[in-house]
Amino acid sequence: MAASCLVLLALCLLLPLLLLGGWKRWRRGRAARHVVAVVLGDVGRSPRMQYHALSLAMHGFSVTLLGFCNSKPHDELLQNNRIQIVGLTELQSLAVGPRVFQYGVKVVLQAMYLLWKLMWREPGAYIFLQNPPGLPSIAVCWFVGCLCGSKLVIDWHNYGYSIMGLVHGPNHPLVLLAKWYEKFFGRLSHLNLCVTNAMREDLADNWHIRAVTVYDKPASFFKETPLDLQHRLFMKLGSMHSPFRARSEPEDPVTERSAFTERDAGSGLVTRLRERPALLVSSTSWTEDEDFSILLAALEKFEQLTLDGHNLPSLVCVITGKGPLREYYSRLIHQKHFQHIQVCTPWLEAEDYPLLLGSADLGVCLHTSSSGLDLPMKVVDMFGCCLPVCAVNFKCLHELVKHEENGLVFEDSEELAAQLQMLFSNFPDPAGKLNQFRKNLRESQQLRWDESWVQTVLPLVMDT
């Protein structure tokens, strides 16, 4: 009797979904140029999914983009009438019972919520899904695809289980379960994209998943910033962050001066200050796969070199981003007592971030990759702005950073400090390494995202 009741209850729950799925399949046939894009994260901090949506819209698809709306996406996305952003609510864990139980309940509730959100949207010919995070979104998107006739496209940025392993350890039962889940449901997708050739080979060899490498490329708005725009940005940031403010007042009280530039009141001409500090930029999501103690230790060594009389400039170090370890590193930064270095950690508007990269002298990347198979998009953006980079070494970094060509690769804080000393000696030096790297980046004529997407992704969605 109890078994019959359970079967009847399951049918009652499943029948409406099957009927709705059949109706959506019919609807999908009438809307073959529609794509649903899903990221179980902050849309504003998911540039690659924003770029997918913009490229799809540019080539005639309408796009529904589902994700958390914690930060503002780029204006191009918001102003495109082919793209609709649907906000998801980030569910909080229950503060009851063991942590494993709390996590399990959250995953189940998140799955039901995402299923409900997807089933009541216009069905798409494709569901584009960012992974990670893939728990529970891979299974839910596959299930919705089965009901609605949509083809699931997974864009592999990394492995979710490897990120969990940084917190819990690689052999934790939750991590092993997440790996099995990711591997099993990942094989059920229709198309797979990934960010490096190393990941493509790993997916093929160890997961039996065929993927196409779609390298991260800078969007068109990542470019060198004209001096006039640099000055406006510095003045804007100076109103909120003291490192951008002028170190001394100009002789003419109507002259506008920042820490790096000044605008002549009469002609409106902007010039760089002769004794300006060097501007070093790093971007981070403040997670375990980026050890910012390396940068802080290198800055301490740089400070000591300056105090010892080496011909080095003052430094303004800007670290942008949001994430769980931001407060921890902010406390470490405040404990430092630098005389020649100023560090600030702003969260920039989407439109200001490319302008900052295009205004900086050097980028630093501390991303090491939990899997060793993904590449830091921040470096891609920096290269788009012709900004040379010092990057910490890991397995497949050579696919992006060419040592002594477009930047430098380091292993530890000692090596990074030596690189900073070499690059900033006699700053600004027109004949120095920094300018040579910048020249190489200008001459490389790298593909932009739109051009790369047309060559790699568009044929896949047009042919299948």
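Every residue, even glycine, has its Cβ placed from backbone N, Cα and C.
Feature annotations, courtesy of Swiss-Prot:
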type	residues	note
TRANSMEM	3-23	transmembrane segment
TOPO_DOM	24-99	topological domain 'Cytoplasmic'
INTRAMEM	100-120	intramembrane segment
TOPO_DOM	121-464	topological domain 'Cytoplasmic'
MOD_RES	S242	phosphoserine
REGION	243-262	region 'Disordered'
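Sequence-distant contacts of the intramembrane segment (100-120) (same chain, six or more residues past either end, CB-CB distance under 8 Å): 17, 20-21, 24, 36, 38, 40, 66, 86, 88-89, 91-94, 127, 135-137, 139-141, 143-144, 147-148, 174. Here the region 'Disordered' (243-262) is broken down by DSSP into helix, strand and coil counts: 2 helix, 6 strand, 12 coil.
The DSSP breakdown of the topological domain 'Cytoplasmic' (24-99), given as helix, strand and coil counts, is 26 helix, 22 strand, 28 coil.
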